[in-house]
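So that you can see what the record holds, here are the features copied from Swiss-Prot:
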BINDING   THR60, ASP132, GLU157, LYS187, ASP191  substrate binding site
BINDING   158-160, ASN192, 221-226, GLU244, ASN279, 300-302, ASN347  NAD(+) binding site
Amino acid sequence: MVATPVKQKYDIKDISLAPQGRQRIEWAAREMPVLKQIRERFAQEKPFAGIRLVACCHVTTETANLAIALHAGGADSLLIASNPLSTQDDVAACLVADYGIPVYAIKGEDNETYHRHVQIALDHRPNIIIDDGSDVVATLVQERQHQLSDIIGTTEETTTGIVRLRAMFNDGVLTFPAMNVNDADTKHFYDNRYGTGQSTLDGIIRATNILLAGKTIVVAGYGWCGKGVAMRAKGMGADVIVTEISPVPAIEAAMDGFRVMPMAEAAHQGDIFITVTGNKHVIRPEHFAVMKDGAIVCNSGHFDIEIDLKSLKEQAKEVKEVRNFTEQYILPNGKSIIVIGEGRLVNLAAAEGHPSAVMDMSFANQALACEHLVKNKGQLEPGMHSIPVEVDQEIARLKLQAMGIAIDSLTPEQVEYINSWASGT
């Protein structure tokens, strides 16, 4: 089927920002040696020749390096933002001006613009979709079923997006393969834990200039992202409380040395609240009502639904911006609640997102997942697919090599031992 041509070539803030973006993209590339090796191979082999690809991602310097690698591999690609507040406008400008990649992303774009960009992405009639929260895939299956035959597959690297894809599959609407990048060892062990841990606190500090030492920080959720946030907050001198709904991670948090309690109790004690659950309304009106005056709330989960901001706005008698990306909600009782980044991803709304070195592995997974889909076109069943173990291991090997770290290999005796059942006590 012939693709419907996209009428606009791009929708960005200011193309004159390209030189600044180029400089920052090149700086990020210094910390992304694994993706660099993949890009160089793609440039020679052109695995995506003839493939139309849409990426819905945070438009950052790291994402730019992924987009450049896919472009080098021959992809006819288009990039849109996965979050209205996460776009780095100079990066978007550079991709358009220097690489000819159509980008539809403006920092601070409203929801109408965001959804229009999703529709423009689907007008590209993609064969491969790189999604970040599964908004493009969800729109495709709801509104563009006539395009399903174009799809080779999708990749997804967020916990939130994986939950949505599994729900789609259970409802019988996911009719093509989806690569679960999020659960790759070289993604969630590092991106979710070390990336989220560092960048979340970076966002809070940039937005507030607050001292974390001595503060009580409440971390909602103790998955890999929550573990990273709690670990880094503790390391900066905070007293950390963890809230959970699942007994297993709750025990883990307690054994890691954190206080664990329900949000209803933690709400009285916290100075700063960070949600990392991927679920809805983790912080609600009953929690706002008992928080300290000046309590800070923010989110590091994917969507802006973890904090019930609608209810907070309805309660507030006044809302005012007190710093960039930071709003003060003044309640009828005179107390105030501080919200960072409109309840969206604080690390991208108020900072630059994860460090390049950790995104190197995540985006290596994305690039190789796309290649896996193309190489196995028509052979993968609809539904969720894991990153092949050999791909995960190769990414880890390349990263170790780039870090100058050597490890041991099994001796022949050890290989024989682990493959034998005969040796006992």
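Every residue, even glycine, has its Cβ placed from backbone N, Cα and C.
Note that the structure is predicted; figures quoted are calculated from it, not measured.
According to DSSP, CYS225 (NAD(+) binding site) sits within a helical segment. Counting every protein chain shown, 27 other Cβ atoms lie within 10 Å of the Cβ of GLU157 (substrate binding site). Burial estimate for the binding-site residues (ASP132, ASP191): highest at ASP191, by number of other CB atoms within 10 Å. If you measure from the Cα atom of GLU157 (substrate binding site) to that of SER300 (NAD(+) binding site), you get 15 Å. All protein chains included, THR60 (substrate binding site) registers 24 other Cβ atoms within 10 Å of its own Cβ. Distance from the CA of ASP132 (substrate binding site) to the CA of SER300 (NAD(+) binding site) is 14 Å.
By the criterion of other Cβ atoms within 10 Å of the residue's own Cβ, the least surrounded of the binding-site residues GLY221, GLY223 is GLY223. Between the farthest pair of Cα atoms in the substrate binding residues (THR60, ASP132, GLU157, LYS187, ASP191), the distance is 17 Å. Non-local neighbourhood of THR158 (NAD(+) binding site): ASP132, GLY133, SER134, ASN182, HIS302, each in the same chain, at least six residues away, with C-beta under 8 Å from its C-beta.
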